[in-house]
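What TrEMBL says about this one:
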- 42-184: domain 'Alpha/beta hydrolase fold-3' (DOMAIN)
- 246-306: domain 'Alpha/beta hydrolase fold-3' (DOMAIN)
């Protein structure tokens, strides 16, 4: 798709590559003067933690900057498998903390900092937001913006996984296969992970109230859904996969005491996406804990759709609508 992308250099936006605590970032700033400090948006790109970089997301981030008049920091975190999990999460956390300590240098109001990202970037943003609730030495995040994030590795038989298992651009089996590469695990674990034998019985009981498909509105089950219980627990499988259930990656499974401290949240879900229900379940958890949520569901959207920004041959209305909704959310903060 890179061949078809035509980078837009907006005259109203300037950018510069820097390092934040050893992590490469690209900072986009509006050229026009502003009466006061602007908001700042740290963006973590998608790509399963294996692909993508700040150059590929140039169009998306520069458009966020231009359309919302926001200082955007695109984080070029290190990729797996060369750099194993949780390097990607830690890089983004380090870059965020550095930025929050130095907002004045970029003309940003420290009380108006947002974290966000698409796909694995949304996962990372949710992790960063949860980690920062513990930091009394930093200003509170203003918001998080999660664009079709993956937020749990407990149940791969939710309605959206069944309905969209063969829907491009992210197939169910591809999700599992790349996930194992991301975590540095052997591909032989795929079937056990898909069936849920890695989930201990006590953990199932604890998380059932958060992960139950009963929490997903019925209208999202009309395209077909058959409850599939997790297979019996196998301790030897858990021993190899335990870290994927930790909240560093499975932020949907964090305690209520953490969830209730999270900032205002924007969530984008796409109907034609295996990860759709992660967004729906997290939305409910946030709202149940008193967190304000702005939710946009793209009925014709699919995983990776915002990457069509700047693609010459595929100018879809849903891509424009999604970008507009995200920019609208940013502008009201």
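Every residue gets a Cβ built from N, Cα and C, even glycine.
In the domain 'Alpha/beta hydrolase fold-3' (246-306), helix, strand and coil residues by DSSP number 22 helix, 19 strand, 20 coil.
Look at the domain 'Alpha/beta hydrolase fold-3' (42-184): DSSP puts its residues at 59 helix, 24 strand, 60 coil. Per-residue pLDDT, averaged along the domain 'Alpha/beta hydrolase fold-3' (246-306), amounts to 98 for this model.
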